[in-house]
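Trainee: Just dropping this structure here.
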Amino acid sequence: ILNHFLLFQYARVWIPDSEEVWKSAELLKDYKPGDLVLQLRLEDGMEIEHRLDAKTKELPYLRNPDILVGENDLTALSYLHEPAVLHNLKVRFMDSKLIYTYCGIVLVAINPYEQLPIYGEDIINAYSGQNMGDMDPHIFAVAEEAYKQMARDERNQSIIVSGESGAGKTVSAKYAMRYFATVSGSTSEANVEKKVLASNPIMESIGNAKTTRNDNSSRFGKYIEIGFDKRYRIIGANMRTYLLEKSRVVFQAEEERNYHIFYQLCASAGLSEFKKLRLGSADDFHYTSQGGSQVIDGVDDALELKNTRQSCSLLGINESYQMGVFRILAAILHLGNIEFKDRDADSCIVPPNSQHLSIFCDLLGVDYEQLSHWLCHRKLVTATETYIKPISRLQAINARDALAKHIYASLFNWIVNQVNKALHSSIKQHSFIGVLDIYGFETFEINSFEQFCINYANEKLQQQFNMHVFKLEQEEYMKEQIPWTLIDFYDNQPCINLIEAKLGILDLLDEECRMPKGTDGTWAQKLYNTHLNKCALFQKPRMSNKAFIVQHFADKVEYQCEGFLEKNKDTVYEEQISVLKASKKFDLLVELFHEMEQLVSPTSSSQTGRSVLSRASVKSTKTRPGQTSKEHKKTVGHQFRNSLHLLMETLNATTPHYVRCIKPNDFKFPFTFDAKRAVQQLRACGVLETIRISAAGFPSRWTYQEFFSRYRVLMKQKDVLLDKKQTCKNVLEKLVKDQDKYQFGKTKIFFRAGQVAYLEKLRADKLRAACIRIQKTIRSWLMRKKYLRMRKAAITIQRYVRGYQARCYVEFLRRTRAAIIVQKYWRMYAAHKKYRCIQSAATVIQAYLRAYQARKQYQVLLQNYKATIIQKYVRGWLAHCWYKKTLQAIVYLQCCYRRMMAKRELKKLKIEARSVEHYKKLNIGMENKIMQLQRKVDEQIRENKLLIERMTGLETSYTTETEKLRSEVNRLHQSEETARNARNRITTLLEELALLKKELEETQSEKKTIEEWADKYKQQTEQLVSELKDENSLLKNEKEDLNRLIHEQAKEMTETMEKKLTEATRQLEYDLNNERSRYQNLLNEFSRLEERYDNLKDEMNLMISVPKPGHRRTDSTHSSNESEYTFNSEFTEGEEAVQRVEEVSDRKTSLDMSLFLKLQKRVTELEQEKQSLQDELDRKEEQAMRIKAKEDDDRLRARGAELEYESLKRQELESENKKLKNELNELRRAVSEKGSPEATMPGAPAYKVLLEQLNTISEELEVRKEEVLILRSQLVSQKEAIGTRNTMTDSIVLLEDVQKMKDKGEIAQAYVGLKETNRCVLNSRGSEVLSKVQVYFTEDYHELNEDGELWLVYEGLKQANRLLESQLQTQKKSNENEVEALRGEIQSLKEENNRQQQLLAQNLQLPPEARIEASLQHEITRLTNENLELYADDPTKYQSYRISLYRRIIDLMEQLEKQDKTIRKLKKQLKVFAKKIGELEVGQMENVSPGQIVDEPIRPVNIPRKEKDFQGMLEYKKDDELKLIKNLILELKPRGVAVNLIPGLPAYILFMCVRHADYLNDDQKVRSLLTSTINGIKKVLKKRSDDFEAVSFWLSNTCRFLHCLKQYSGEEGFMKHNTPRQNEHCLTNFDLAEYRQVLSDLAIQIYQQLVRVLENILQPMIVSGMLEHETIQGVSGVKPTGLRKRTSSIADEGTYTLDSIIRQHNTFYSIMCQHGMDPELMKQVVKQMFYIIGAVTLNNLLLRKDMCSWSKGMQIRYNVSQLEEWLRDKNLMNSGAKETLEPLIQAAQLLQVKKKTDEDAEAICSMCNALTTAQIVKVLNLYTPVNEFEERVSVSFIRTIQMRLRDRNDSPQLLMDAKHIFPVTFPFNPSSLALETIQIPSSLNLGFLTRV
């Protein structure tokens, strides 16, 4: 490219320099073609002559304009060359402290050697979702681009991080993985992203080491594939490693260390679990002490080991495996300390009893003798025999080191495998992002096999990079359809062929390794013979025959051949490995080598796709030809080549993203730039190659819109067409004559290098000319302004003179008009008065007339109504009479007919009775009848048993009731004792009163004597008074002076106190806001946890209940019922999990609420005092009980005598029953002995005996019945006597008697005896007699029943059963009556107790003195009533009762005094805290934490009842509650309600339903309705969480519902805002204060959700509308942006403007107004909305260098003014929204103010008080001129600002918290709407509600 057209005078160029690489200079005269010398002036002022090369005649590189210096993208530079790139990087790194820069598709990262605050969570959130060109360069931007392209293009991605050691590759890769882990998250609760990050400490400890260039250098390459599912969330990862530097295990250079893990173990050797490893200091081991640098500054190795172990545990490597790994590592250290002694020249031995060898064997569990033998010997196998050969000492040391390297490499691969297992996911991987952290190009003084492999890998990566860059350039040209020619770029394929092709370096190396006597020298000679003078990239050093030079893409590198063969073969003896495999005590060691064998096998390598790069080939002595696999013959170089090919295939299948890390200096100094080292790395990493490829084509690219906006000043008005593309073409053809300098594409204009600089020069000249014209115009304007000001003064004087004359004339007119107005109003008053008189008369006449007509009509209606009632009753009476007559006739006819039929039947029976056949039939039927009678008897017996069981149940219930009554009686007895004590106290008070009267009389007498003495004393003092008056006048003067001083001091003190008070109030307000925000953040966190819990629960339900394929029809009614059921069940499911979360939140909040803990401590102290008083009371009651115990014993003795008599009587009855049984048995025997038929004849003796026995049994049965009845009546009378005692003490004694009788078992024995008696009588006798009768019936049954004896027996049994049943019923009724009476007494006592509590509550509201008097007055009135009752009943007992009453009153007074003292103390303590927590409205939450209220289904709340009763409400049935919630909340559309109905209608309806439940005094209904309402609102908001209209609607209704509960709560603070009619609607039975708090928490959650919704809506608009869009056209020109254009990752979806934001504000505001949201709440929403705008805009400004300019500051200030105008239009200036924009306003002002002198610095420090120091410095560093007349901020000025702001105590955080939500409050806003006027529209489908 020819630059001679631009080499004019004062042009700036770059010239080479040996120290700084390139220096900037300025031409002193124009360059003319043919000149060989350039006259230049350096920046330091020195003038030099620069000679051009006579052969090439290359001109120096031109320097870019200052406005292009410091660009984010190097391709945006007009001149693309090495000095421009180097200077741009230096300016960004040194001046702006920016370490990241784009270079086309490459991100250049310079290691700052300092921790920078640019990797926090806020920075990640800022870059998340942003396009790559929108923000400043960052590793997060590259990661976001990869993540976005993976999701958009469905293509795997790779991030290739390269650079030399110490450049920061590992840190960059770590931050990229952290970004993916933070942004994407994982698909399960396994925290895969944490595991991915946890693999870094493990790999760093075993694969990183300290080198001379880097303290944490990665000595291996790794490629991590991070797997994602279809939703692009992390599911797992996989790691591949490349070329571990095994030689570092056994050797370290000077000032270097071994791998970190060895030093971490040595630093932790003192731990108890590491004692058995027998470690020491790192200096004690050969493998860790060779470098002489065992410690890294600022690194704690012991702490790092702790982190490593924690990471292992997180990845599933348990403690046993960890200890196994540490054992192997310790064994390696001890192995390095094993020494060898020479036996002779060719053999050596291990010294006997080698300590380190024995430790090694103990740790690994191997045989000491075998290992010591094979360390000094090797086995050789020939064709005929096998023999063992000793080795020399040097060979033994090499074999020991080879074994150590092999063990460490095996352990390294095993750990990598374990990490991969832990990161493996069972979920199918959808896509992945690979992060390649690989070594960069390396060149040292001595380069060996490792450097050769590293540089070979970089050659392959550079080739892939060049092809990708060329491909992108080609695609860009083809996309824009412009002609292009093949760009010549460096192709390093010849170098790659030299290394990997046939007969290449690696091929010859493998061939030499296979030779039996191959050496490094012979291999070098083969290289010379094959490639020297045949390949231009291969050279031989002049002074060496064992080295060769390869010309790489970056530089020439000389490699030393020594050690190549050994490292390539990587030999270890198999005998040593066999000894290790034989370990029986250490399973991990065996597993280690077993996995190595699997990885070596061809099948395993093909399956896993991983290469084993550090495997050592084992020399075997037992292999035979044909048995050795090919895999065993592969060398390290061959494996590395295969793995590199596999890596390149993976990278070619993905979309690559490049990160090139640069090391700025070799001394690790922070922000120090060494130009030489930087240029070397830029050449090596391909950045300059990218620049060269870009410069060869069209590096500068502008869209037509950008070009038009930037160079609009170069166009004339006539040149501007509607088609901007054609306009740009016309302008360019005029400005640039050479058409080869640019090309027009479809959407962009492509420029050659240097053309943008030429256009910028033209633009700057045009702007400079415009500035001159503006200055001319301004000066003329100022002179004209002065003239106009003088002219205006003259006119003003004339105006005032003329004004005076006019005012005089106006005064005359005003007086005239006033007289006319007075006349008008007087006449109007007279006419109006006359009209009102006539109107009132007419109104009275009409009222009387209408009243007369109404009364007359009412009389007519009343007469008709009464006549109708009379007719109704008469007709009913006549119909009833007719019905009765008809019924009697029918009954009479039925009786006659039945009598006739009965007579006929009787005749038939008499005839049949006389016949013989009749007897036969009768006998046949009697057997069946007897069987039926037997069954009936059995049934009656069962019924008796059931009745008896029921009776026992009733007795048990009776006992429980008696126990309850006994406890109640004890409690009442205690109260009686307290009253007795108070009565005693009154007597003592009366005695004290009498004593006081006596003392009063004595004092009166003394008073008289004193008065006499006082008269005398008065006369004496009068003399002294006259003397003191003079002194008093003097003292008065002094007093006035002192008062004046005191007054002045008081003023000063009041002022200081007011200041302190204001400061204290501010601090309290600040603390209150902090508490509010903390509480609301807890609510937000809890709601988030609940939402996550619900989501997880839904996922579990979906996973558990997977629907079967197919379609299933369901009935519509079934589906609707099912939905209702599921809705109802949602109120209660998951309560246990919610309670667990609440317990966690309770613990969190308790840590912050120290106030609550203090109050709780005080309450516990009061409870202890109360308990001590209760103990004293119990002791006194026990003493009283002992006194009564004696009386109880006497009564018990009397009761025991009666019970003994009853038990004796019962025993006599039992003995008689036994006698009857015996007689019956004798009768049986007698009958059985007589078996003749004659004995059973009616006249036989046996038959008579049987009849007699039957008669006696029936008589005995009657007797027993009577005795049972007598016993039962006695028991019942005793129970009644117990229940009907008059005094409480007697009832207690009787209950104790009954209880003791129960304990002794006497009542139970009596009852069992009675049952046995009845059972014996009924069962034994009756059944035996019937059985005997059956026997006789079989013989002669027709004679046995002749007189109906069996029927008589059966009837007797039935009567007995009826008697027992009737007695049981009567006893049951009596018991129930007794229980009801006792319940009534308990209820009365409860009512009395409630009344006492109410009186106590009323007394507590009084002051202490009035409280004592009121309580005494109440107690006296109650005791007076009791005294009157007692006196009326028994005057003798009255006196004793009165004495006990006095004692009780005295005790009560003492207790009241103690309680008053404690209450005063509590009030004093609570007054201090009431100010802080009063506004939080948590007065009802002393025992409820925020987490317990927020997110339950609501728990039952204890609702205290009130005394009042009102009406007016909406009635609904309990079954309609779900329907109400469904229609009013779940299925309600806010749009229709907001437009067509009154605001807050759902809230009013719900409150009217609550009023009805309150009216019914149904606490369950109130609780259920409120719980369903809250859960319904939560459900609908969860369903429509992103709908601003729905969230706003329910926020306003929730607040209105909350205000209704306050307004109609009946509290005086709220009732004063109501009308009298509204006060009638207050709740009467329930206090819903706790539910108000629950609704307040719900409103807070809805408010936070509303903020999130509007934030999501505004987020895409803010940056575009506030920063990018040019509201003032032409103010800010667009600078070149390079390759990274905006919206490079996503398609253009349309840009937002400031008008879009304001329109959205109007939408939000109108929606909130339609929903009737409270004005104060709307102000808070607007404040939060403006805060989001300010925070997001400022954060993007701080992260975008292209936005920090003077013109952009003007745009921002204009945009802010438009927002302020919107606030004024909506009357919201007092909402605090403007103050939230203050940081943004100050940032815009900072961009516009002067930034040169110290005065400017002082002004900036005083102006930017809302910005932090970090933000101010960041803006100054990012300030970028857009035009030539702007200047950059000097580094010295920034340092001055930092020095002035060093005393500020502000946050070091750079970005504002855009997610911050201000604490919200809900000020009380009563409604003026009357509830009775509300109409429910039919559209709500609430027809089941009834207005009451």
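Cβ atoms are placed via backbone N, Cα and C, with glycine included.
When I checked TrEMBL for this same protein, it listed these features:
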type	residues	note
DOMAIN	8-60	domain 'Myosin N-terminal SH3-like'
DOMAIN	69-764	domain 'Myosin motor'
BINDING	Gly163, Glu164, Ser165, Gly166, Ala167, Gly168, Lys169, Thr170	ATP binding site
REGION	604-635	region 'Disordered'
COMPBIAS	617-628	compositional bias 'Polar residues'
REGION	644-666	region 'Actin-binding'
COILED	916-1106	coiled coil
REGION	1106-1133	region 'Disordered'
COMPBIAS	1117-1131	compositional bias 'Polar residues'
COILED	1156-1267	coiled coil
COILED	1354-1406	coiled coil
COILED	1449-1476	coiled coil
DOMAIN	1571-1847	domain 'Dilute'
Trainee: Report the DSSP secondary-structure composition of the region 'Actin-binding' (644-666) as helix, strand and coil residue counts.
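Mentor: Going through the region 'Actin-binding' (644-666) residue by residue, I get 9 helix, 8 strand, 6 coil.
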Trainee: What are the sequence-distant neighbours of Thr170 (ATP binding site), meaning same chain, six or more residues apart, C-beta distance under 8 angstroms?
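Mentor: Once residues fewer than 6 apart are set aside, Thr170 (ATP binding site) is near Asn200, Glu204, Asn208, Asn216, Ser218, Asp437.
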Trainee: Including all protein chains displayed, how many Cβ atoms other than that of Gly163 (ATP binding site) lie within 10 Å of its Cβ?
Mentor: 27
Trainee: Taking the coiled coil (1354-1406) alone, what is its mean pLDDT?
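Mentor: Averaged over the coiled coil (1354-1406), per-residue pLDDT gives 69.
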Trainee: Beyond the listed site residues Gly163, Glu164, Ser165, Gly166, Ala167, Gly168, Lys169, Thr170, identify every same-chain residue whose Cβ lies within 8 Å of the center of their Cβ atoms for the ATP site.
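Mentor: Once Gly163, Glu164, Ser165, Gly166, Ala167, Gly168, Lys169, Thr170 are set aside, the remaining close residues are Asn111, Asn214, Ser217, Ser218, Gly440, Cys661, Lys663.
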Trainee: Run through the Cβ atoms and count how many others sit within 10 Å of the one on Ser165 (ATP binding site).
Mentor: 19
Trainee: Please report the number of other Cβ atoms within 10 Å of the Cβ of Gly166 (ATP binding site).
Mentor: 22
Trainee: Using a 10 Å radius around its CB, how many other CB atoms surround Glu164 (ATP binding site)?
Mentor: 24
Trainee: List the residues of the same chain that sit at least 6 positions away from Gly168 (ATP binding site) in sequence and have their Cβ under 8 Å from its Cβ, in sequence order, or write 'none'.
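Mentor: Ala109, Asn111, Cys661, Lys663 - these are the non-local Cβ neighbours of Gly168 (ATP binding site), listed in sequence order.
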Trainee: Hey, what's the Cβ neighbour count for Ala167 (ATP binding site) at 10 Å?
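Mentor: For Ala167 (ATP binding site), the 10 Å Cβ neighbour count is 25.
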Trainee: Could you give me three numbers for the domain 'Myosin N-terminal SH3-like' (8-60), the DSSP helix, strand and coil residue counts?
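Mentor: DSSP composition of the domain 'Myosin N-terminal SH3-like' (8-60): 0 helix, 24 strand, 29 coil.
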